[in-house]
Amino acid sequence: MSLRFIYGRAGSGKSQYCLNSIKNRIEEDIDRPLILLVPEQFSFQAEKNLIEVLDEKTGFKTQVLSFKRMAYRVFNEVGGITAKHMNESGKSMLLYNIIEDNKNNLKVFKKAAKRQGFITTISDIITEFKRYNITPEIILNNLENIEGDNLKYKMEDLALIFSQFETRLHKNYIDNEDDLTILVEKLNKSKQFDNAEIWIDEFSSFSPQEYSVLEKLLLKSYRINITLCTDYLNQGRFVDTTDVFSPIKNTENKLLQIIEDNNIKLDKPIALKCDPCARFKNSAELQHLEKNMFSFPYKEYKNETKDICMLKTLNQFTEIENTAKDIIKLCIDKGCRFKDIAVITGDLEGYENIISSVFLQYNIPFFIDKKREINNNPIIVLILSALEVLSKNWTYESVFRYLKTGLLDINNEEMDILENYVLANGIKGYQWTNDKPWEHKSFSNYELEDQALKELLAKINDIRYKAMEPIVTLNKNFKSIDKAKEFCEVLYEFLCNINLPDKIQNMIEDFKVEGEIEKASEYNQIWNIVMEVLDQIVEVIGEEKISLKEFFKILQTGFSEYEIGLIPPTLDQVMVGSITRLRSHNINTLYIVGVNDGIFPSPLKEEGILSDDDREFLGDKGLEIAKDTKSIAFEEQFLVYSTLTTPSKYLRLSYPIADGEGKTLRPSIIISRIKKIFANICEENDIVKLNGEEEELKNISSAKPTFNYLISNLRKDVEGVKIDNIWGDTYKWYLENEFWIEKLNRLIKGFDYTNQSKYIETKKIRNLYGKPLKISVSRVEKFSQCPFAYFVQYGLKAKDRKIFNLSYPDLGIFMHSILEKFSHELEKKGLEWDTMDLNWAEEEIDKLINEELDNKSLDILNSSKRYEYVTKSVKKILKRSIWLIGEHIKRGNFKPSYYELSFDIDGDYPPIAMELHSGEVINLIGRVDRVDLLQKDGATYLKIIDYKSGIKEFKLSDVYYGLQLQLLIYLDAILTELAERSGINGEPGALLYLKLDDPIVKNTVDMSDEEIEKSIIKNLKMKGLILNDPNVIRDMDNIISGISDIIPVMVKKDGGVSEGRSSVATKEEFETLRKYVRYTIIEICEEMLEGNIEIKPYKKKDGSSCDYCIYSSVCKFDTNIRGNKYNILIDKKDEEVWDAIKKKLEYKNI
């Protein structure tokens, strides 16, 4: 019985020494068991290395074991395990059930138990207790020593959960974490390790469980040799926590304590020298890094480096692209093999997708060494979403998550049809399962004949029944059961009924044919995982009564703990992984990417359930558990040391200055440390672009990425930018390659691409728009905003997918409708706005809105509590609006005369006819919300009012550009009709926008009701254009003094109008505007009928017509594309507008 330490720094050859020692023992033919004990993740590599040192005939004489493998060997020899092992998934499901049963008994964790991830946290701490040989009884026996209620209650909760977990677990199962505890007991009976010589390699520390196993092995074996990655120790047992080797020295001290307690001999240690280290014999730079990275003071390396390089990049994508180029260069120039290269990072999740994308493009074979979560696998999504449909009562999200897994007998076209219908009509809950066919007609944006509509509805109902039938059956079967075991049986029947096993098998075969071996391997494991989870539920809680929601949660918990490990499909490939999972020292070349602050070294971990203070206190009381975050942070430097000393030939560290979102990233402290040690380190960056053939050559590597660089340079050449001659040679290579020539020619043609199609044939446009042209004034304005958007909306009739919600336009239409009905009700009853009873008016508004809701004309307002609130708000707004209208009318002499005055064939007035220069007549249709009239001095003055639910300003500049034409053309049409029909001398009075709102008045505590009303009136002041006539103005606001609070006018003390502070126009100016608007509409309509569909949105200083356009995905407008330019509209002052309008009319002789 003896222990021997093998000391050596990283790369000194400790592992090789072990292998050589084993070989020597075999050659000496000593009859003694030979064991190589390594961590589980190193076992495959250790076996491979051992075979390389020995041969096939002698290799079998040595066993390569991990602690887990050792346990299984002993159990097979002497017995010990009669129950099955429960995996992490089963543990989590059991813990979920225990916590649910005991949630009311928990003192600290009652609320936390509901949080996502809590089960995993509890599972982790139970694992920690077991590895540190702590039982529920030990926790309970130490409770009296714990001061402070918070920690005491925590430990009581943990003891309760842990105790019940142990009791219920051991009925049918055993925990994987119990294996080493049982191994310690069974080693006494085992003969396998009697007089054995054991070599222990690649460990930096051990858990208390493992120390107990080692103690037993020391008592049974001839000798244990253990490698320690450190200097030769001769300074006693004192450990400086800041020393890079402090974790190793702690390990040595614990082993020394064990042999001291058991009177075991300590053999003379082996100290491997490192001048140079075996690993770095061909690289003085890597040798220097190993010696000085954590030496204080360090020795500076003066020469320029070639084996250690740094790369500073613009972002993570360019970082990986540069890494790929360097790998290709190494393989071509230096004959490096992919299998000798590793790319590692402290943020594998953030880099994984980028690495996959770039390496595939560069044809670099790679394997990402990580376990895959299964929660996003379609099979798991199908199972969980099917249960979610039932537990959440057929919500849209759960139903279509289930349907979109691709594992059901519904194709994509059927799915789209069904989804469009469901979204348009807000289908949810019982609407899915009742027997009545769906008959809503509000689901298509396109007008269909009755027969076509019936056929489409029939098809939708067929798809609906096909989609819901399996889940309806599942729900029916669930309703008659209440035990966990029965839920599992019913779910299994459901999966078989939808032929899931056969579908999975077909998918696996398809993946294999397509060469997607990793996908095939993943799907091959998933079905077995599902069965394993169901089996464990049956065996652990099978007889317990649970609800459907609990079953869903238990399954969700079980699946969340599973991770799939995949085997590398080939040997010659780049290994990509996390820094913490770096498994092999047989790496020549190592790329560490993302060497940024907070990534490598990794930041401090969260303290978890037990804080650092808790752990320190428990340790002082004799309850030793895992290290606190501070100790782990000190150990992180040993991980840094181990990582940096892994490669034998070449090391490159790279760091981006920004992440994918453009947020600044700082370089790690490792970067600055290495720069100090290596004053002339090889350092590159891709931030400052250098010119020259040598730099351009770096972009020529694999065919696909080089092709992308070639296209980029050819575009520069087309744009007149000088490019390097090397791209001419590259172009010739692709031209002579059959595989690339077609792609090359196609992309070169793309240099002339434009998304513009400025005009289409007049005949075609007539067919689209109709003849004669009948068009609303708002559509004319739409054309002015962007001809292409108009063409798509009214020519192609493309519309947004209908969604069951209430948009602002919908709300505006609804409020207009109620106001119209209210206005007609006033007329019918012979009431006036300025004298009506407000209580009656408010009751009438309530009645009209309730009638609309009862008639289901706006179903959505009855569909949820949220929309009930919206309805209340609408009622408040309309009540405020009728009060406001009444106040306006009280203040003047204009009287409401027309409501919803329409211009159409069957309207109040005929369509507004306009003759184009070709002689063709177009008909404008539209509707005016309200027209007030004033009889004065033999003339009839018109005040046209447009109700708006949002903010609307009147701008002469917008009139000039054709963006604001409606009120003026209506004014012109009414004045014309009055003159021609009745011989009435009509005059313009005002064009106004009235906002429908119920504004909040702030600081009302000290305000009287009258002051509040004044504030509201002022807040809702109308915008528009008023006739510049003081008398007419007073007929709109008879109490005006200074600035009016209802119309956009200010009068001076002498009674005149302050034109600079008012929005006014003279009678002559109104006449000018009437002419200009007619001329503008004719010009716009002629452009329209000539086939102008140019993508030319307007742009002003406050925005563009693209801001809220729903057709941006159709036009692909981009100022970088040739021919794509905004129609820049400069906001003109009113004086400038008047001048411009007059000049244009004079030029056109109008």
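From the backbone N, Cα and C atoms, a Cβ is placed for every residue, glycine too.
If you check Swiss-Prot, you get these features:
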type    : residues                                             : note
BINDING : Gly8, Arg9, Ala10, Gly11, Ser12, Gly13, Lys14, Ser15 : ATP binding site
BINDING : Cys786, Cys1106, Cys1109, Cys1115                    : [4Fe-4S] cluster binding site
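When the neighbouring Cβ atoms lying within 10 Å are counted for each of the binding-site residues (Ala10, Cys786, Cys1106, Cys1109, Cys1115), the highest count belongs to Cys786. Within the same chain, residues at least 6 positions away in sequence whose Cβ sits under 8 Å from that of Arg9 (ATP binding site) are Cys229, Thr230, Asp231, Cys274, Cys277, Glu290, Lys291, Thr645.
Recorded residues Cys786 ([4Fe-4S] cluster binding site) and Ala10 (ATP binding site) have their alpha carbons 69 Å apart, per Cα-Cα distance. If you take the Cα of Gly8 (ATP binding site) and the Cα of Cys1106 ([4Fe-4S] cluster binding site), they are about 68 angstrom apart, rounded to a whole number. The [4Fe-4S] cluster site, placed at the center of the C-beta atoms of Cys786, Cys1106, Cys1109, Cys1115, has further neighbours from the same chain whose C-beta lies within 8 angstroms: Gln785, Phe788, Ala789, Ile1095, Pro1097, Ser1104, Ser1105, Tyr1111, Ser1112, Phe1117. In the three-state DSSP scheme, Gly8 (ATP binding site) is classed as strand. Neighbours of Ser15 (ATP binding site) among the binding-site residues Cys1106, Cys1109, Cys1115, defined as a Cα within 10 Å of its Cα, are absent: none qualifies.
Cys1115 ([4Fe-4S] cluster binding site) sits 61 Å from Gly11 (ATP binding site), taking the C-alpha atoms as the reference points.
For the pair Ser12 (ATP binding site) and Cys1106 ([4Fe-4S] cluster binding site), the Cα-Cα distance reads 66 Å. Other residues of the same chain near the ATP site, with their Cβ within 8 Å of the Cβ centroid of Gly8, Arg9, Ala10, Gly11, Ser12, Gly13, Lys14, Ser15, are Thr227, Cys229, Leu272, Cys274, Cys277, Ala278, Arg279. Taking only the Cα positions, the spacing between Cys1106 ([4Fe-4S] cluster binding site) and Gly11 (ATP binding site) is 62 angstrom. Spacing of Cys1109 ([4Fe-4S] cluster binding site) relative to Gly13 (ATP binding site) is 68 Å (Cα to Cα, whole number). Cβ neighbour count for Ser12 (ATP binding site): 26 (other Cβ atoms within 10 Å of its Cβ, all protein chains included). Within the same chain, residues at least six positions away from Lys14 (ATP binding site) with a Cβ under 8 Å of its Cβ are Ile6, Gly8, Asp201, Thr227, Cys229, Leu272.
Each of the binding-site residues Gly8, Gly11, Gly13 was scored by how many other Cβ atoms lie within 10 Å of its Cβ, and the smallest score goes to Gly13.
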